[in-house]
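Visitor: Checked TrEMBL, it gives:
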TRANSMEM  12-33  transmembrane segment
TRANSMEM  84-107  transmembrane segment
TRANSMEM  128-153  transmembrane segment
TRANSMEM  159-178  transmembrane segment
TRANSMEM  190-208  transmembrane segment
TRANSMEM  239-258  transmembrane segment
TRANSMEM  279-304  transmembrane segment
TRANSMEM  324-346  transmembrane segment
TRANSMEM  358-378  transmembrane segment
TRANSMEM  384-402  transmembrane segment
TRANSMEM  414-433  transmembrane segment
TRANSMEM  479-500  transmembrane segment
Amino acid sequence: MDATISPTFQVWDYAVFACLFVVSSAIGVFFAVKGRKQVSSKEFLVGGRQMTFGPVALSLTASFMSAVTVLGAPSEVYRFGASFILFGIAYSFVVIFTAQLFVPVFYRSGITSTYEYLELRFCKVVRVAATLIYIVQTILYTGVVVFAPALALNQVTGFDLWGSIYATGIVCTFYCTLGGLKAVVWSDAFQMVVMLVGFMTVLVQGSWSTGGVNNVWHTSQAGQRLEVFDFDPSPLRRHTFWTITVGGTFTWLGIYGVNQSTIQRCISCKSETHARLALYFNLLGLLVILLCSVFSGLIMYTFYAACDPWTAQYIKAPDQLMPYFVMEILGEYPGLPGLFVACAFTTSGILKNNNMHFVVYFACTSMAIAASHMGGIVQAALSIHGMCGGPMLGLFSLGILFPCANSKGAAGGLILGIALSFWVGIGAFLYPASSNSTHPLGLSTEGCFLANSIISLSELTEFVSHRLVEADSWYSISYLYYSAVGFLGTLVAGLVITCLTGCTPPEDIKPGLIQPVCDIFCFCSDKMKRECWCGVDHEEEKLELENPDFMLAEGRRCSQEISPSTMEKRQSIALQDKAYSNAGFVSDSQAF
């Protein structure tokens, strides 16, 4: 392979690239103009709760199958093998848990933000703490999703990398600030179609360029890329069956089950049934994109089996492999490279949550500098989601699954969960796991004119020799377990503190705010269900769903039987359910 060959964008590529951005922006402008007289928070944030499951399903898929997936997943398969496909098992568990446990609670409570739930269930302090963590998570993750498409643009056009990063942030922020949730959902639906077309173009042309599917299969098998099932139970191994299925489930459940971006889309649906259908149809989209990513990685490995451009230093980072490959196989077809790069840009996921308008653009794009030092973009993105999403998953699970949990337990558990997850995450950033844990597969430069891998290997040897002993134990745990660490820390600490400080009185909990896991299992006896409800009257929720005014009527009837504070809380919750008001204007659920 000649290192001097470096195809770049042509006029038609720029035209296609620009056209797709114009369409996305036009969608935002359209909904901004159409809804200029509809200024209520309910209309802007949850689309008036009139969305159907189709566009919401496409929006969910496009939002979380971002440039990180388009560029990073094929690179992961190229370097570490097709075990990445096991994420399909994790996705399935995540969608089921989200649809059956979390969405029903959020949908029925009438909230517009998941953090309103925390105030209703616990107290305002817990809500504020969780909101701050979400802001930190968004800023960190935005750095990754800004860096990823900018890296692609740098590879295929030669634009300065950091100039590309700031330009990317400006362009991708524009349409997200217009039109509310409807604009975001319909833009996502359009971008999902673009994403699939871009992937299919690469798959078809890539298969032809590598000699067909049979050759891809045999070459990948010879290069150990098809060794999918590794049942090594060690948590230090980067990718095994257990780290991907178990750790991946915790990681993606933090992204899907309690993430504001996901829940905001789900509660925008016209009914709870539509919300669940959106999640299940979204699962089909996730699996299709996953398959496309894995096969793209295998095709790319076959194409570069004799000359790895990263080891040979033709490119600067592994995540530039995909755009480099696209330019080689599609460079002679004007417009097609532009389509693929636009596919990475339009699904970059930047600021697709309208609650993030206040996040400072400069801070988000500046985080891309840190992202460039966090290894592969897939690992960087999932590490961030794990460090922040794991404790958040534990916090919401504490409130939804355990009626006894109190606000002190929630706050204390969140603090410990965040401390544990950030401890292991930051430690891994400072002391990256060695090849003994990551198990990268072999790459060849025999067919290259230039091979500089000897220098890289010597530098790696020097780095490993100065590692701390602790770096090969706690800090080397798979990045997919960060979420599980934060989840377990939050949940266990929250329950212990609750037991020490006293459980929440049953009369202080609205039944619609909890969903004990036994409810979804038909084999659980009525006695077991009553015990799991911890004294909360389950029948009350059924009456509320049948008659929205039940809470107010019940409050008047029982005003002489319960405390004034409990009566005030019930009335405020009932009013919120009817008016969709901001929970910030109601009294705390409990005194912290």
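Each Cβ is built from the backbone N, Cα and C atoms, and glycine gets one as well.
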Visitor: So which residues does the transmembrane segment (384-402) touch in its own chain, when a touch means Cβ under 8 Å and the partner is 6 or more beyond its ends?
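Guide: Same-chain residues near the transmembrane segment (384-402) but 6 or more away: 101-102, 105, 114, 117-118, 121-122, 126, 130, 133-134, 136-137, 140-141, 144, 250-251, 253-255, 257-259, 409-410, 413-414, 417-418, 421-422, 425, 479-491, 494-495, 498, 513-517, 534.
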Visitor: Given a Cβ distance threshold of under 8 angstroms, which distant residues of the chain, six or more beyond its ends, lie next to the transmembrane segment (279-304)?
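Guide: Sequence-distant neighbours of the transmembrane segment (279-304): 53-54, 56-58, 60-61, 64-65, 69-70, 73-78, 82, 84-85, 87-88, 91-92, 95, 98-99, 103, 192, 195-196, 199-200, 202-203, 206-207, 209-211, 215-217, 219-220, 223, 225-226, 256, 266, 321-322, 325, 328-329.
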Visitor: Please tell me whether the transmembrane segment (414-433) and the transmembrane segment (479-500) touch - that is, whether there are at least 3 C-beta pairs under 8 Å between them, with each pair 6 or more apart in sequence.
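Guide: Output yes: the transmembrane segment (414-433) sits against the transmembrane segment (479-500).
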Visitor: Which listed stretch (84-107, 324-346, 479-500) has the most C-beta pairs under 8 A with the transmembrane segment (128-153)?
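Guide: Between the stretches 84-107, 324-346, 479-500, 324-346 has the largest tally.
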Visitor: Can you tell me which of 84-107, 324-346, 479-500 gets the most C-beta pairs within less than 8 Å of the transmembrane segment (239-258)?
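Guide: If we count Cβ pairs closer than 8 Å to the transmembrane segment (239-258), 84-107 scores highest.
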